[in-house]
Structures are given as C-alpha cells and as structure tokens.
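*Asks:* The following block contains the structure, expressed as structure tokens.
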Amino acid sequence: MIIRSPEPEVKILVDRDPIKTSFEEWAKPGHFSRTIAKGPDTTTWIWNLHADAHDFDSHTSDLEEISRKVFSAHFGQLSIIFLWLSGMYFHGARFSNYEAWLSDPTHIGPSAQVVWPIVGQEILNGDVGGGFRGIQITSGFFQIWRASGITSELQLYCTAIGALVFAALMLFAGWFHYHKAAPKLAWFQDVESMLNHHLAGLLGLGSLSWAGHQVHVSLPINQFLNAGVDPKEIPLPHEFILNRDLLAQLYPSFAEGATPFFTLNWSKYSEFLTFRGGLDPVTGGLWLTDIAHHHLAIAILFLIAGHMYRTNWGIGHGIKDILEAHKGPFTGQGHKGLYEILTTSWHAQLSLNLAMLGSLTIIVAHHMYSMPPYPYLATDYATQLSLFTHHMWIGGFLIVGAAAHAAIFMVRDYDPTNRYNDLLDRVLRHRDAIISHLNWVCIFLGFHSFGLYIHNDTMSALGRPQDMFSDTAIQLQPVFAQWIQNTHALAPGVTAPGETASTSLTWGGGELVAVGGKVALLPIPLGTADFLVHHIHAFTIHVTVLILLKGVLFARSSRLIPDKANLGFRFPCDGPGRGGTCQVSAWDHVFLGLFWMYNAISVVIFHFSWKMQSDVWGSISDQGVVTHITGGNFAQSSITINGWLRDFLWAQASQVIQSYGSSLSAYGLFFLGAHFVWAFSLMFLFSGRGYWQELIESIVWAHNKLKVAPATQPRALSIIQGRAVGVTHYLLGGIATTWAFFLARIIAVG
C-alpha cells in the first residue's frame, strides 16, 4: 500500500477552448438567434437584430454563458474607452496649443481642434489667444494634464500611443477570456474574492499609485509652473523619481526618505501632504498637496477594506452571513435571500451599481465647481458649465438605467417561490401604499412649487411687487440650507487640526478667490429664488422616481394585468381582447421616466447656469469690485416663470442666435439642427401605427405597379419601436439644443 500525502486542492476556475473562433459565424447577421439568422422577411428584422444583439438573456438561458458574454463585452468596452482616450491625447499632441496655454493659462484659451478650409469652414477657428486659431475646447483635459504634470506635447504623444497599446490588449483579453480561457460560473459568483481585488487592487493600489505619482511627479512640476518657470526648463518626470535631491530642494523632508514613516514621525511629511482646505490663490484649484494627501488616505481605507472579506484563508466576513444577519424588529426575514439574488441575477446587481454610480456622478457634478480640483479650471467658465451639465446628464441616464434593469430583474430573474417575507417581498406587498403616498407627494409638490411661481407672475403682472415672494417682499429664505452653509463656514479650526479654510468657498465666510482678474469662486448666497427652484427640483425628481418605481414594483403583476410577468419586459398591450391595457409594460415606464429625467436635469442645469453667471462668475477690478456676467439678476428675475423665459432663455439665447458669421456659428447651426431633431421626435410620439401601415401599403402598391417592389416586405414601426425612436430623438435633440445654447453663450461672454 502506497501512502500519498493529500494533494493540495486547486479549484479549476476556467474552461479551456470552450468556443471556437469563427469569422464565418460572426459575419452572419443574427448568428445568435435561430429566427433572426434566417434572414429578413420584413423590415422588422433589422429592428429585432439591433434589439437582441446585446440581449444575452435571449441568446441562452445558461447563466455561465451569459456571464462570459458580459465579461468579454466589458473588455470590448474598455478597449473603446482606451481608443477614445488615445484620440483625446493625440489631439492634444498634434492639433493643440497646450504648450502655449501652459505658459499663460489666464490669457490663452484651450484649443485642440483646427478646422481645415474646404468651403469656408475655417471661420470656426476662433482666436483663442497667443496667436493660435482653433476651436475652443471645454472638456477640461488641459487642466487635468497640467495637474498630472504633463509639460510637453511629446509626453501627450507617448501617452496616446500607450493608450492604443492598452486598447489592443483589451481587445485581445476580450477574445481570450471567451474563446481560450473562459471563467466558470463559480468564479463570477465568488464575491469575496471580487471585493478583495476591486477594493484593495483597483481602488486601493490605484489610489496609492496615483498618490505616489502626485507626490513624486505632479507636485514638484506644478510647484515650478506656479512659480513661473518655463515648462522647457523643468526637469522631466523620471528625473524627479530617480534623483531624490531634486525633490529635497523643493521639500526638504524628502532628504530623510522613509525614515519618518517607520519612526511614526509623520508630521515631517506635512510639506507635501497637507490639510489646508480652500483653494490655491495662484491657480484657483484645490491645493494639489491636499489632493495627494486625500488619495493616500483613500488608498489606506480601501487597502484595509479589501482585506475584510473571507477568501482562501478562513478569516474575515462572508457577504452572505452579513446579509442574513441584517434583521430588524419590523423587517421579517430581512436581507435573507438577497445574496442569492445578487449572485444569480446580473440585472439586479447592475441595477444597484447603476443607482450608486448615477448618484455618485451627480455628486461629482456638484463638486467639480464647488471644489474645482484642477489648476485654472475654476476660471474657465465654459469648461465649468460643460462639466456640470455633462455629469448631470450622465447621472440622470444611469439612474433611469438602474430602474430599467431592476424591472428586467423582476420580470426575468425574480423567483417568487423562494421569496417569502424578506425585504423585497415586504416592499412588493405594500407597493400600493408606497406608490399612492409618492403620488400624493408629487401632487403636493407640483401644485405648491408651481403655485408659488404662478402667484409671483400674477402679482408681477398686476404691478404688486410688495405681494410677491422675493428677498425684498415676502421672504421665503432657505433657512436650513443657510444653516448648513454656516456650519461648514465655521468648521475650519474646529474639525481638523491645521485646516485653514473650509472645504469649499461656496459655504461662505471666506474671501473670494480671483485668478487673472476673473472670479474663481466666492461664497454663494442662497435666497427666496433658490428656495422656489429647489422645490421644482424636488417635484421633478419625485415624479421621475414615481414613474420608475411604479414600473419596478408592478413589473410582474398589477390589478389590471395579474399575469404581467408572462408578457415580458416590453409589450404594447395585453392582447386585442382587453381595452385599456396599453403602455403598462415595465419598458413603457422606463420610456416615460426618461422624459421626466430630462425635465428634472434641464431645470438643474438651467438653475446652475444662471445662478453662476449672476452670483459667482465675473471680473474683478483693481479696486476689488466684482462685476458679475448678468449682474446678480437671478434673485429678482428667476422668481417668476416670465423671468425664466425673458431673462434666461430669451436674453441668453442672443449669442447662439446671432452666432452666424462668427467662429461660434457651428453652435448656431447645431441649435437649429437640434431643434429639428427634437421636433422630428414628435412625429413618432404623436402618431398611430395603423396610419403608417396604411400609407406603406399604398406605397408598396405603387412599387408593385412599376415592378420595383423589394423582396423584403416593408412594415410600419411597431408601437414600441415608434416610442423608442421618439424618445431617442427627443432626448438627443433636447440635449444638443441645450449644449449649443450654453456653449455659444458662455464662450462669448465668459
């Protein structure tokens, strides 16, 4: 008998060569579906092809295969992102005035696109200063490049090439992990290992390496730039890394190396890891030493967080245990069963992630202007407005996406048999109470918020300003918001040792910061006007939530259609025999939710744009007198609907409407074109399918008469296709119109 030592158990987590690589198959449209692969009978085929190409649930019901497809697609997505980034850096290297901007960021505008003269397009190349003619960019790339220590266009070239290499690598990884070594389902469901890698690896080591880059490269280079040293004279990044004496000249404690760290004498590092608060008066951005400190702290937190969960060693938390331990006195089974949901339904997982990421994106929008992180960002008003608007729209779309995937989870992945009395079941059982209360809140907010405006418009029209809600008549001060502002303004010196200013100048208390005669930031006053528009925000957000939440909670069943789950995620009506059952699918709720999301975000960006032009942005004279772009008219003008129309939309549209013949004329054309795209959507939203089918049939008759009828039968768009085309053009047209309006205005006056 041979005694063997037990073999160590190694889990095999991948399948080798599971699916052969076949270009013939890829070249066949609809290869993922037996029906679509047959080819087109009617024009509906092309719609189904697009609708189902990425709906992996419809290709197979095998969770492992779905997981692999999603995983592989993520690498494709990353590849596109790297390609896009490479393009941005390449434009910076090849077509931009980055080096000129770097030497004088207050007088030279950022430009990274020069239009070729074909039939007069060169009119678009405006004078951005320093003798450079090009299109002014508003993406903030120049500011982030300066903050990271890029001093030449050669460095941008190298980064662009590096990004292309990574794009190729990602494409390869996507192919490799689907066709050559595809992970097993168990790998996708190993949440503790995933948390370990994402928290400690991605966020922890990612933040740590960025903090290291900031300390060793960004800080010294920015120190030189702020002192007015010519970028060409500044040592290159690798010289700072390899030569400690260079850094020690700027930060003497560098000479001591890591000794203070191991002897716990950390205060030695306070030269370059600071906790100041406020803005750097030279650049109008956050102190880069504060930012480096922040990333170091974040890195420590996430490195610890990444080691809290139980993986191969039997210590640490298990997510399943944590969830099942969450039981309150009134919550029945509590979170029991949520673990199974989140590891078997990627829609449920995605829904949570989208809700979190969407909220985070909106938080980013609000911090980019109140705590501008990059040098010379705060005085670049066009970029500030663009970044705010961009992050608000993205956040809105992500949150609607969260509701969409929550509803898909409810329809496709929810299994009522093993859900009893846990939190989700309890929410579903009192959904009527939730939705009816939410409905009441929406009615209350709608009537009261608009009622205040209508009152003001009426009093204004009757010439009774003393009876209006305003800062000079009947005041409705946002006292709670002002209290929060005050608390933050008084916080420095009380909360953190050595903190000299509050987190943001907007809280109040501090002086204003101006760079090159332009206001970077100052305390933002809040008054009656903000109180009114704030309640419009509350109203539009609650209506959006009402629509989306109703779609999720009634996705499987309702009193009207008890068997809704059998009809799927999107369906036009419940059969011909039941009137009044159209537009009730979960998909239709997402469709309607998108319009209200558009309403909500529009009011937010209008509020921001006008408020900043009126109360923050402007120029400052040698005597210290601030002249705001619209002269502080927000408080008195925005308290009536007429004021919004006259003093915001109409008054500020003059730049885009009069842009023809100037370098801003493209915005004028976009403004016009995007209005057309928006109007085009109404044709799809306000018409019936039957009307178009009749029209198509008479056109087909004419084609048959002339013997030019195609083999593929034309079909009118289905009800759902029509609504999809409608909402797409509505949003695209509306967003592009707003974009052109904002940018023509702010580039002209900012």
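Heads up, the Cβ atoms here are built off N, Cα and C, so glycines get one too.
Okay, so Swiss-Prot annotates it like this:
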BINDING   CYS573, CYS582  [4Fe-4S] cluster binding site
BINDING   HIS675  chlorophyll a' binding site
BINDING   MET683, TYR691  chlorophyll a binding site
BINDING   TRP692  phylloquinone binding site
TRANSMEM  70-93  transmembrane segment
TRANSMEM  156-179  transmembrane segment
TRANSMEM  195-219  transmembrane segment
TRANSMEM  291-309  transmembrane segment
TRANSMEM  346-369  transmembrane segment
TRANSMEM  385-411  transmembrane segment
TRANSMEM  433-455  transmembrane segment
TRANSMEM  531-549  transmembrane segment
TRANSMEM  589-610  transmembrane segment
TRANSMEM  664-686  transmembrane segment
TRANSMEM  724-744  transmembrane segment
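If you look at the structure here, what lies around each of the features I listed?
*Replies:* Within 10 Å of the Cβ of CYS573 ([4Fe-4S] cluster binding site) there are 17 other Cβ atoms, across all protein chains. According to its DSSP assignment, CYS573 ([4Fe-4S] cluster binding site) is coil.
Secondary structure from DSSP puts HIS675 (chlorophyll a' binding site) in a helix.
Within 10 Å of the C-beta of TYR691 (chlorophyll a binding site) we count 10 further C-beta atoms, all protein chains included. In the three-state DSSP reading, TYR691 (chlorophyll a binding site) counts as helix.
Its Cβ placed at the centre, TRP692 (phylloquinone binding site) has 16 other Cβ atoms within 10 Å.
Counting residues 6+ beyond its ends, the transmembrane segment (156-179) has Cβ neighbours under 8 Å at 17-21, 68-69, 71-76, 78-80, 82-83, 85-87, 89-90, 92-94, 98, 145, 150 in the same chain.
Remote same-chain residues near the transmembrane segment (385-411) are listed as 138-140, 341, 345, 347-348, 350-355, 357-362, 364-366, 368-369, 544, 548-549, 551-552, 555-556, 565, 568-569, 586-587, 589-590, 593-594, 597-598, 600-601, 604-605, 608-609, 612, 735, 738-739, 742-743, 746, 750 (criterion: CB distance under 8 Å, separation of at least six residues from the stretch ends).
Away from its own ends, the transmembrane segment (433-455) comes close to residues 427, 468-469, 476, 532, 535-536, 538-539, 542-543, 545-546, 549-550, 553-554, 639-641 of its chain (Cβ-Cβ under 8 Å, at least six residues beyond either end).
Here the transmembrane segment (531-549) has long-range neighbours at 399-400, 403, 434-435, 438-439, 441-442, 445-446, 448-450, 452-453, 456, 469, 476-478, 481, 589-590, 592-593, 596-597, 599-600, 603-604, 607, 638-639, meaning same-chain residues at least 6 beyond its ends whose C-beta is under 8 angstroms from one of its own.
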*Asks:* Going along the chain, which residues at least six beyond the ends of the transmembrane segment (195-219) come within the CB cut-off of under 8 Å?
*Replies:* 147-149, 237, 240-241, 247, 250-251, 272-273, 288-289, 291-292, 295-296, 298-299, 301-303, 305-307, 309, 311, 319
*Asks:* Neighbour count, 10 Å Cβ-Cβ cut-off, for MET683 (chlorophyll a binding site): what number do you get?
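*Replies:* Taking every protein chain into account, the count is 12.
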*Asks:* Give the nonlocal contacts of the transmembrane segment (70-93) in its own chain as ranges (CB under 8 Å, at least six residues past its ends).
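*Replies:* Residues 54, 56, 112-113, 139, 141-142, 145, 153-154, 156-157, 159-161, 163-164, 166-168, 170-171, 173-175, 177-178, 183, 188, 346.
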*Asks:* So what's near the transmembrane segment (346-369) in sequence-distant terms, Cβ-Cβ under 8 Å and 6+ beyond its ends?
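*Replies:* Tertiary neighbours of the transmembrane segment (346-369) are 66-67, 70, 377-378, 384, 387-388, 390-392, 394-399, 401-403, 405-406, 408-409, 412-413, 521, 608, 612.
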*Asks:* Is the transmembrane segment (664-686) packed against any residues at least 6 beyond its ends, judged by a Cβ distance under 8 Å, and which are they?
*Replies:* 123-124, 126, 135, 655-658, 717, 722-723, 725-730, 732-737, 739-741, 743-744, 747-748
*Asks:* Write down the Cα-Cα distance for TRP692 (phylloquinone binding site) and CYS582 ([4Fe-4S] cluster binding site), rounded and given in Å.
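*Replies:* Spelling it out, the Cα of CYS582 ([4Fe-4S] cluster binding site) and the Cα of TRP692 (phylloquinone binding site) are 19 Å apart.
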*Asks:* Quick one: pull the CA-CA distance for TYR691 (chlorophyll a binding site) versus CYS573 ([4Fe-4S] cluster binding site), whole Å only.
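*Replies:* With the alpha carbons as reference points, the distance is 18 Å.
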*Asks:* Hey, what's the Cβ neighbour count for CYS582 ([4Fe-4S] cluster binding site) at 10 Å?
*Replies:* 13
